[in-house]
Amino acid sequence: MLAIFQITAPVFAILLLGFAAVRAGWFAFDELRGAAKLVMRVGLPALIFQAVATKPLAEAFDTAYLAGYGGGTAAAFVFGWAAGRFVRRQDGAAAALSGFGMSMSNTGFIGYPLLATAIGIPAGQYMAMNALLENLIALPLFYIVADASGGSGKSRWQTLRDVAGNLLRNPMIAAIPVSLVFAAGWLPVPAVADKVTAMLASASAPVALFVIGGSLAGLKLRGSLPDIALISIGKLVVFPLTVSAGLWLAGAARDVIWIGALLAGVPMASIFPLVCAQYGYEKRGSAAMLLTVVLSFFSISLLMWWGGFAR
């Protein structure tokens, strides 16, 4: 148990520090938005470049991981949507939000720092693959289903166009093809670029955790508790199970299955409350985020134990 605590404690300590800093008035959360943009637009793309460009192309992406985690993502979304629609009798947009909350992890701000603490440098490779899967599967799937139900009033063509535009403007997605040029051996990675991206990547994890902690300071546990619990439990229990099953079916190694389950078992993406607000469910989104972060300490500890860190 001491080994588990040594891995999880620093992560949750920085989250708590960010929360306390905002509650104490040291920072207004609006002041942390710039730090969040720095991580999203500079730090995490640099991390992806480091993880992909410095490896041979054959090692940059694990096809079994991509297939298994991608399949698990789709399965968790369908489960969340169906549970919301047919069990909780939610409207189409709310059911899509339930599926989205279950099936998209906060890999960049929580998952990567946690995994890096556990396994070190290789965590960057899984961060890159998750960034690809989250932006190509989880986000488009949500918007297509939500907008098909009339949640935003957009046509399917408008929805697809917006999703494609967001993908093209996403610095993390843009970093992948640039990195592949170097991974393929077409160009050597310049020493200066290697050092600069390494410095930016190393700064991303603590800043990301601090920002997420600060974002929790303004959240409150309000709304329909059954609907909130559905999202939180689905995120921390159902999603790791669907990803584990998907990776097992894809023939992934046991340690890769554990990595996928751990990344699936962290809280949902930080944009979740904002997306919920777009569809009129701001209270539900904020409450689900808060409850999931609190409960994730226990679920992550259990996943760490499964991974053998209790020994």
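Using the three backbone atoms N, Cα and C, a Cβ is placed for every residue, glycine included.
The structure displayed is predicted, hence computed values, not measured ones.
Residues or ranges marked as transmembrane segment by TrEMBL: 6-26, 64-83, 95-115, 127-146, 167-187, 199-219, 228-250, 256-275, 287-306.
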Chain residues outside the transmembrane segment (127-146) and at least six past its termini with a C-beta under 8 angstroms from it: 44, 47-48, 51-52, 60-62, 65-66, 69-70, 73-74, 77, 81, 92-93, 96-97, 99-100, 103-105, 107-108, 111-112, 115, 152, 156, 159-160, 162-163, 166-167, 170, 172-173, 176, 179, 263, 269, 275, 279
Folded-back contacts onto the transmembrane segment (199-219), same chain, C-beta under 8 angstroms, at least six residues removed: 11, 14-23, 27, 29, 32, 35-36, 38-39, 42-44, 46-47, 49-50, 106, 108-110, 112-113, 116, 124, 270, 273, 286-287, 289-290, 293
Positions whose Cβ lies under 8 angstroms from the transmembrane segment (6-26), at least six residues beyond its ends: 32, 110, 113-114, 117-118, 206, 209-218, 293, 297, 300-301, 304, 309
Leading stretch by Cβ pairs under 8 Å, where the reference is the transmembrane segment (228-250) and the options are 64-83, 95-115, 167-187, 256-275: 64-83
Contacting positions for the transmembrane segment (256-275) when only residues 6+ beyond its ends and CB under 8 Å are counted: 36, 62, 64-65, 68-69, 72, 76, 97, 100-102, 104-107, 109-111, 114-115, 118-119, 126, 130, 134, 142, 212, 215, 219, 231, 235-236, 239-244, 246-248, 282, 285-286, 288-289, 292-293, 296, 299-300, 303-304, 306-307
For the transmembrane segment (167-187), sequence-distant contacts whose Cβ falls under 8 Å of one of its Cβ atoms, 6 or more beyond its ends: 40-42, 44-46, 48-49, 51-57, 60, 108, 128, 131-132, 135-136
